[in-house]
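Notes for the one structure printed next.
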Amino acid sequence: MSRLRELAARLAAREVSAVELTREALARIERHDGDLNALVTVCADRALAQAEAADATLAAGAGPLTGIPLIHKDIFCTSGVRTSCGSRMLDNFVPPYDATAVEHLDAAGMITLGKANMDEFAMGSSNETSFYGPVRNPWNTDYVPGGSSGGSAAAVAAGLAPAATGTDTGGSIRQPAALCGITGFKPTYGRVSRWGMIAFASSLDQAGCFARSAEDCALLLQAMAGFDERDSTAVDRPVPDYAAALTGDIKGMKVGVPSEYFAEGLEARTRAAVEAGIQELEGRGAEIVEISLPHTDQAVPTYYVVAPAEASSNLSRFDGVRYGYRCDDPADLEDLYLRSRGEGFGREVQRRIMVGTYALSAGYYDAYYLKAQKVRRLIADDFRRAFEQVDVIASPTTQGPAFRLGEKLDDPVTMYLNDIYTIPANLAGLPGISAPCGFVNDLPVGMQLLAPWFEEGRLLNAAHAYQQATDWHTRRPEGFEA
Amino acid sequence: MSLKPEQVRKVAFLARLRLDEDRVPEYANELSGILGLVDQLERADTDGVEPMAHPLDLAARLRVDAVSEGDQRDAFQAIAPATEGGLYLVPRVIE
């Protein structure tokens, strides 16, 4: 039985109460988070109040998530609870409203334990750009957990919570899930509302979740997904029953393996682990088909135009006037803007704002932004053609396991190339999942599965079938068992 | 494409970011590295390709032009750095 189903069963049988589960989780955070720095805010009182309410609902019979604790990435606005986005800019920001995703999970009866650390404004692949310091990987605390949703991933891997939310703009759910040995799921662009989720790159950002299995991710997506009037890019189409799609039967499913994702740069043992994962799928009756996604090498360059351009525009709202950080004693209005933004944003965020501003500036727009939008279509068309032949695509999630803290921090381009296998799905808007598939140097690595637009059920079922055949997703880091 | 320090200063000003002057050369290096990565886009043949602005190629949805939110000025201004009489305060702009 999956972790969330097991907790739901224990709650329903009154073997444990939501208040007890919450106290247990808070105690675990207290005991372990000093080593991990996975949370920036713990909201114990609020969580216990939610748990009491959940217990009252449970007495009358409730949904599959009622009374189960989770952690939200600190990019989701939570009414009355500081939402920092990992930035000094929002260190004092207490939103007066909830993000739609938070609202949905609250309505499902889930309990918010706290807010997870993250790369500043979700810009990073190692969780080292946070104003609140780096998060450490529970498998080895000298290593990064990945990013940008590094706090969410580390928290679930260490058992601080059975589930967490995240956002994925270029791999920020799938990459940390792989490096922390858990399951991380990014739905199709537009499937979950972006309202109340602090914007980084609006044409790429998508909310998703972390848990111990694809089955648990299906339960979470069921609650998170749905149309929202308040998000102009939320997609208005019915939400299917994802749990019903988890038959575990993948006989005859065509699994595409893109040669470009197994080319130079992929670490040899990571490759072997992913290839073994693909063989498991074949062993369950899937048909393996070699495919080509010829524009794969253009994805990272495309992303580093589109994402910074959208970020420079989105982050122009942080001006020191209406909320967030304001510099001391501004000499005039211009000084207020310049210093509030110069002091409030960290280095990586400033770099990306400047790249985006440059790419959008007069005389460069066609060469950068327009060109990138055209290449983006070529990348999406690669997938469109591939999905005429196959049902899902399997690949590594990353080129290798987690790297050491500080190892890539001074070299932005090397850091960016980390996301080479995850970025294409964001550019195309596709759903993707990372499932643990083995270990390299005692650090976990993941297999990524991608499916066509809105085929989350098929995608989750493929990962579920894999997890029925393997036990990588059940491994826990030493010192964080149970 | 490599950026010179004066270009970095200009872009930083356009983005309203005050940079430490002694960090400008580092930024020039780093931004040049990123633009070098981005320059690989030139290799892609995009003749006749329609730019893609939205991953699902959907047009922006319209809604009825009606009031949907009540007045929440107090809630929003409670978290502002400086307000007075329902207004946001900034340094004097007009002498």
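Our numbering is plain: 1 for the first residue shown, then up by one each step along the chain.
In case you wondered, yes, glycine gets a Cβ from its N, Cα and C as well.
As recorded in TrEMBL:
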| type | residues | note |
| --- | --- | --- |
| ACT_SITE | A:LYS73 | active site, charge relay system |
| ACT_SITE | A:SER148 | active site, charge relay system |
| ACT_SITE | A:SER172 | active site, acyl-ester intermediate |
| DOMAIN | A:20-460 | domain 'Amidase' |
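In the three-state DSSP assignment, the secondary structure recorded for A:SER172 (active site, acyl-ester intermediate) is coil. Note on the domain 'Amidase' (A:20-460): mean pLDDT across this stretch is 97.
According to DSSP, A:LYS73 (active site, charge relay system) is assigned to a strand segment.
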